Amino acid sequence: MKKEASELLGFSPQKDIVYNELLPYKDKLDDESNEILAQIKGNLGRAVQLREVWPGVLFWTRKLSTYIRLYGRKFNKEDHVLFVKLLYELVTIPKLEISMMQSFARLLITLLKKKELLSREDLELPWRPLYELQDRILYSKTEHLGLNWFPSSVEAVLKVLIKSCRPYFPESATQEMLDEWKPLMCPFDVTMQKAMGYFELFLPTTLPPELHDKGFKLWFDDLISLWVSVQNLPSWEVNLVSLFARLANDNIGYIDWDPYIPKIFTRILRSLNLPVGSSQMLVSRYLTNAYDISYVVIWISALLGGPSKQAQTQLSGLFNGITSFFHPSNHGRWLMKLMKLLQRLPASVVKRLHRERYRTPTWLTPIPESHLLSEQDITDFVESIKQPVLLAMFSKTGSLDAAQALQNLALLRPELVIPPVLEKTYPAMETLIEPHQLTATLSCMIGVARSLVAGGQRFPEGPKHMLPLLMRALPGVDPNDFSKCMITFQFLATFVTLVPLVDCSSAIHSRNGLTQVEKELCSASAEFEHFVLQFVDRCFALIDTSTLEQTREEMEMEKMTHLESLVELGLSSTFSTILTQCSMEIFQVALDKVFNFATTSIFETHVAGRMVADMCRATTKCHPAEALKLFLPHCCSAILQIAANEEVLNEEELDKELMWNLQLLSEVVRVDGDQLLLYRSQLVQILQLTLHLKCKQGYSLACKLLYHILRSMSLIYPREYCSIPGGIQQHTDTYLPIQDWGRPGELWNLEIQWHVPSTEETEFVFYLLDLLLKPELQRLQKHTEGQQDISRDDVLQSLSIVHNCFLGASSLLPPLHGEPVPQLINGMVQLYETKVYTGVDYDMSRENYREDICKVIRPLLNHTLEHSEDDIKSLFSIIKIINDLLHFKGSHKNEFDTRWKSFNLIKKSMENRLHGSKQHIRALLIDRVMLQHELRNLTMEGCSYRSVHQDLINDLLRLSTSRYSQVRCRAQNVLFTALGTYNFCCRDIIPVVLKYLDPERTDVTQQQFKGALYCLLGNHSGICLANLQYWDCIALTWPALVRSGMSPSMSLEKTSIVRLFDDLADKIHRQYETISVNFSIPESCVEIAVKMLKSSSPEPNPGAASEQEELEGRKREEQKNKDAMQKYEKLVADLLDCLHDRNIPWKFEQLTIGFLSLMLRDDLPLPSSAVLFFVESLNHDSLLVRNVAISAVAGILKQLKRPHKKVAVSPYDISELKTSLQSPVVSLLTGDRPDNQWLQYDSSRLPRSQRDWDECCFIEKTHWGYSTWPRKLMLYAPLEEQPKQGQTREEMNEREQIIYDHFSDQLFIDQFIQYLSLEDRKGKDKFSPRRFCLFKGLFRNFDDAFLPLLKPHMERLVADSHESPQRCVAEIISGLIRGSKHWSYSKVEKLWALLCPLLRKALSNITIETYIDWGTCIATACESRDPRKLHWLFEMLMESPVTGEGGSFVDACRLYVLQGGLAQQEWRVPELLHRLLQYLEPKLTQVYKNVRERIGSVLTYIFMIDVDLPYTQPTTSPRIREFTERVLARLKPLTEGEEEIQNHIVEENMEGDQDERTQAIKLLKTVLKWLMTSAGRSFSSSVPEQLRLLPLLFKIAPVENDDSYDEMKTDAKTCLSLMSQGLLYSDQIPQVLSALEEISRSSSWHARYTILTYLQIMVFYNLFTFLSDAKAVCDVRALVLRLLEDEQLEVREMAATTLSGFLQCNFLSIDEPMQAHFESLSKTRLPKRKRRELGSVVDTIPSADLVRRHAGVLGLSACILSSPYDVPTWMPQILMDLSAHLNDTQPIEMTVKKTLSDFRRTHHDNWQEHKQKFTDDQLLVLTDLLVSPCYYA
């Protein structure tokens, strides 16, 4: 196959689309594709060589995309590599416009998508250009200032692009990336997220084994140990998981994951966020940063297999632990994740198995033998996931996930999964009361259908279920239950498609050597006929009940309801599938039955009639000759008989019988055209008779008949979709149909029977057109010319005939021709349309009716608009005709899209992902070939725009602005489609649309005005004319939109018009992307283009450009860039002109300002006239305008920023660093090292003089130096090399002068500050980053020039305690501090002399409304700044924050502000943190709750830096351990006492010092706040320290949930809940357990009770870490069993609950010793009861014996409750043991009753199944127990 192809083509294609080979005109395709490819290579190469990015390069890259869509990668490897390299160069052009970049990127992704086609030897791509692109866009420094507008989709496109290029990065890339990004790894900083994001995206993982040393081995140990040591799920952990999953999947067998497997599974389990225990608090970040399931499944499936089998053990453990969550009765927000896990995991394993066993080997490294999945591995996997999947079938989220999982599992092990599904399906088919069970089981059966029917050696008995399933499914065709009906149709269709319905029962006698199974199947196949007939009866019943009630309104009559149309579709497609698969004998019987049904009664034509007609159509389509013989003569004679009566033709309401026969006829002719030729005379007779009926319904049906006849004759389509080539045959001696059950189609043996129009058919089509279409066209023409007056109804009838004639025959009519419209654009590269051959050779000698219709319709439209504009129905019809004249060649785009979607759905529901290689069923493959034909038919992009299109589009525009909104709306939709089809026609149409908006014109109606605006707005999918991304276009549309505000047709009273302008503004702002002013192409691109022009096979056509042309190209490139600049400046000038017009309404002023703000860019400064306008607008009286102006001026200031010189320094040359680098080991570590100590804040070495300041080496970015130093550190050059500070006005440029003059003007500033200190939205205002940017820019660009004017304002505002003035001054101050980054020392010193008093004052005036703003102010001021530059600020903030002055609230606020500043500084201020801690420690006993909470939060930040990460030095910041020691010493009074701690402190300051105990309780409250806040924030929990506080917490935490408890108790409870969820390392487990062990001996039963709840959560959230430590499991078990015998009843009961939970998640197992232990306990003898005296007290204290007996009973009931959904082998006996205790004393009796009632509740659903597990005697006892009187007692 391949060889022939390459000889014909002249090269061997990389990978073409095979379906093209099966088209009926395949012989013409090679020449066609070669010609197109040669054009693409030639023109794309030339476009790059001539430097014409637009339109040349863009146009021809789009052509390449289309080429790939039509032919696949049908080019040789050399071309493939050249295309990739060229596009890579294009994508990475530095100044390229984003929309073009995306367009190239998408094509490059397509070219790289099949990575097996190009190996690393063929292609190498550099990584750095992509990194620079990603960095420029994702971390843009100018986007937030509005200097760059990126589309929202760009991030996703870049990600996929990098993914596609990753396999081809050079081998040195990994090391280079690590050097680049490792210095960013500072875990407290946002740069950590950046580094991890880059690692995840860029690190290559597909290097061959010999290069692993240059690949993952460089980073794996570092990153995995980092991952292992992080405990609290920071946001970047997700990136690591994704990276590890990819690494594992790409290198199966080359990495030893075993040491990490328990940790991996523990974290996966934690990440599911399942609820455990009753009082669990979830940490919110666990939800937001949870792992993405799609990575988790890749990781798991890559870990399976291999020698150790450990992953499978853990996976089984995982599913055992979570199975019960899948039970349908459980529901919560975690369910979606669980379902996704179930659905994706089998798919992922199938994918892996396909790669191991079936995929053609590629250059990618194969999996080593040792790690391939063995048969046993697969079985184990399926066994482990089977139970949850079966439970999930009935889940609340629907059965879809389970069905997909089962489909994949059935491919692996049909014998394990299909039987249990069948067990659930058969009863579901019988039940009447639970229809949802039927829907669920059927959808799962559909998934496993192919595995079931194919049988195979694993599951030979599969096919036997086929017939019973089909027969039992029939009752599902139920008119009363819509969803049941639909799923039944789907089920029947799926199964029948796989099986030829042939009765082979006689083969048993006539053939020898059949196996037992084959014999059974043969005899069963006798049922097929019965099945088909029963199905037909069911359908009849369905139709009878759905006959249309006559009560519907006339309008609704037109359409069936949505549900009805779905049922109709389901019915007709299922019926046609069944008939297609029938043998001729069965078909004949069904045909007679349908024919009788259809012809013996008369149906109304709307619902029932349509369904019956559909069934008849299906029968005729299957075997046209046999069926037409019956139907056609019958219908024709019936119609002729009734219509013989002349009066009938003019009746308004037609005879029902006539209508029904006409409807039936119009459907049954939808068959192969050649079959219809036999009946041509009858058909013509009927058409002539009925096309001119008076009744609209009548002639519509006649038109439909005509349309169907023409289509059948003129289109290319497959004749049959049977599952076996050559149709269904009877069995013979050599052939047995049974063997074809479930057989996939063979791609190279499809034998598609095509219908291709014969000469005879074409003749007949044109005969019909001449006979029927021509007279109508003449009639309409006469009407237009005024020679013959026709009524509106007749016009409509004529149009209807014209339209249907055209729709039916359009594929034979050549497209419209005409002269191309000249001068829309001028490029040097040719742009021509691609002609795609679709099997039709147009006969040019015949009349081209497409042209004729066009010539008649245009004058008719004109006539109608002038004389009868209200004839809406005719206009509708004309719009449809114009649409089809332009585009229609036999298939509609939307129908094609729907078919493509449904094809994909069916493919997914029935595909075999394990074997791959297109093993679909035959019908599906034929469908795909047909879709390929239609795709070619619809390929329209890049058509030349000709004069005839221009005329029609102008007509559409006229209709789009007509008087009636319905007409406008329809015409606009057609117009938008047309605009997207023809090259550059928008440029032609925009001026025409804008004429309607011209303010000079007085003749434009409001409707026209609105229509024109809608034309500019566009629809949601198509083009938006108002915002085409070209300077020439927006230079026209934007000013016109603004000026239209002065048009007489514009009225702001009309809400619809106001809304339109809002929508337009909104759409433009949403969609605008910065348009480039630089269209240059670099040399590197041109070199590759020249190579491409020299390549061969096929030779590029046209060839390379001459030198002359190249020079011309360069000249044009320069000119184009110049033009762009001019157009940009002109547009800004035009918009400003509009604004200076006094008459412009306010709405339009705002619109214009919005447009102007989009004109800010980072590569060109804004023209000074616009700068002046924006600066003046800062004091505009409209808030909206002021806000836009603030943003704009901030952006302008960024444009005017003079670049500060930076020098690259090797970090090790910095004087401070040199001295500290003695030991070499240190440099490998991160954290506080000698070589980064000089960066830290040290009050003894602060730059307090000019000299110190100049000598100090400032490093502003906080993360530098924490991890490794970068190779080259960029530092600011010394002051004398920087731009001059304090420029005089003369030294400034014009833009700077404008700003300088305004901000030096006292009045301007007064007004500006007054506006800023107003309230915008009451109570909703926040600190505004925009205003901060504005002030930062002012002080950065102009130093302290404006301070003198602002100073009095700041002093006034600080003194005003109202919210808005405070916020305003906070914004100014933060901008001032950040703006002073490069000021000279003297200026900075003066600044702080001014600021410190202001800030002191502000902090003493702080209020509840403003403290957050001040926090933001200080945090913003300190972000990314060297702390040594801000020492004045820190020293000022550290002056006794908690003084009590101004009350507790002010204290809390001051702390908050201080925390904001210190948190930004992270690890660089250890000294300040120590000072703060020292200062706070004595104050931890604060009385006020708000101060306590704040101190708790501050402590979290103080200790944030104390992390336990790998390769990290111990921190010099405060450490938790030392702090905990000191705190514990102060809590002594509480830890020593035994009694429970009550909070008896009244919150008020009592004089004098209270006793130690009271102080300790206050301290404890603050410590609790600290523990709570740090739970979710820090990276690692300090477990050993927390453990020492545990005993105390257990003492306080209450047992019951009660809101009336005080704060301390609830806090303790929260802390315990949060701590129990913490991630534990394996070495911490013994510590925790010994702590718990100790507390369990405490005298307080509250503590003992709480231990159990703590234990439940802790074990579940660290399940696999515990399980991998056998001693720990024993200890936990012993602890629980001991507490089961606790003297306190509540503790015993809790221990039982805990035990049952542990058993349920398989942490503990029910073994012999445990069962024996409980049984012996439960048999403890109780002392005999003596006759008690009434009221004696002795008996209330439980004796030790009673406790032991109760413990035994509790243990037994725990066992029973641990398996709520099934009955294990040990359960019946335990139930019997329990029942013996029903009459024991309390509390035993209660326990037994409760257990029995729970058992009954949980096992009730599937009792039929569960009953099997008990013996008859046991059942008797049980039934007795469960319904005996004691149950009600």
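For all residues, glycine too, the Cβ spot is worked out from N, Cα and C.
Source: prediction; values computed, not measured.
These features come from Swiss-Prot:
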- 460-504: repeat 'HEAT 1' (REPEAT)
- 983-1022: repeat 'HEAT 2' (REPEAT)
- 1095-1122: region 'Disordered' (REGION)
- 1111-1122: compositional bias 'Basic and acidic residues' (COMPBIAS)
- 1164-1202: repeat 'HEAT 3' (REPEAT)
- 1344-1382: repeat 'HEAT 4' (REPEAT)
- 1626-1664: repeat 'HEAT 5' (REPEAT)
- 1640-1728: region 'Bromodomain-like (BRDL)' (REGION)
- 1670-1708: repeat 'HEAT 6' (REPEAT)
Quickly jot the same-chain residues contacting the compositional bias 'Basic and acidic residues' (1111-1122) by Cβ under 8 Å, restricted to those at least six beyond its ends, or write none.
49-52, 828, 1077-1081, 1105
DSSP-derived helix, strand and coil totals, residue by residue, for the region 'Disordered' (1095-1122):
16 helix, 0 strand, 12 coil
Apart from its near flanks, which chain residues at least 6 from the ends of the repeat 'HEAT 6' (1670-1708) lie with a Cβ under 8 angstroms of it?
276-277, 317, 320-322, 324, 1599, 1629-1630, 1633, 1636-1637, 1640, 1645, 1648-1649, 1651-1653, 1655-1656, 1659-1660, 1663, 1714, 1717, 1721, 1742, 1747-1748, 1750-1751, 1754-1755, 1757-1759, 1761-1764, 1787, 1791
Where DSSP helix means H, G or I and strand means E or B, what are the helix, strand and coil counts for the repeat 'HEAT 5' (1626-1664)?
33 helix, 0 strand, 6 coil
By a Cβ-Cβ criterion of under 8 Å, what residues six or more beyond either terminus of the repeat 'HEAT 3' (1164-1202) are in contact with it?
142, 145-147, 1077, 1125, 1128-1129, 1132-1133, 1136, 1139, 1146, 1149-1150, 1153-1154, 1156-1157, 1283, 1293-1296, 1298-1299, 1302, 1308, 1311-1312, 1315, 1320, 1328, 1330-1331, 1333-1334, 1336-1338, 1340-1341
Number of helical, extended and coil residues in the repeat 'HEAT 1' (460-504), per DSSP:
31 helix, 1 strand, 13 coil
Pull the DSSP breakdown for the repeat 'HEAT 2' (983-1022) and write it out as helix, strand, coil residue counts.
23 helix, 0 strand, 17 coil
Tally of DSSP helical, extended and coil residues in the repeat 'HEAT 3' (1164-1202):
28 helix, 0 strand, 11 coil
Count up the helix, strand and coil residues in the repeat 'HEAT 6' (1670-1708) according to DSSP, in that order.
30 helix, 0 strand, 9 coil
Just give the helix, strand and coil counts over the repeat 'HEAT 4' (1344-1382), going by DSSP.
33 helix, 0 strand, 6 coil
What mean pLDDT score does the region 'Bromodomain-like (BRDL)' (1640-1728) have in the model?
91
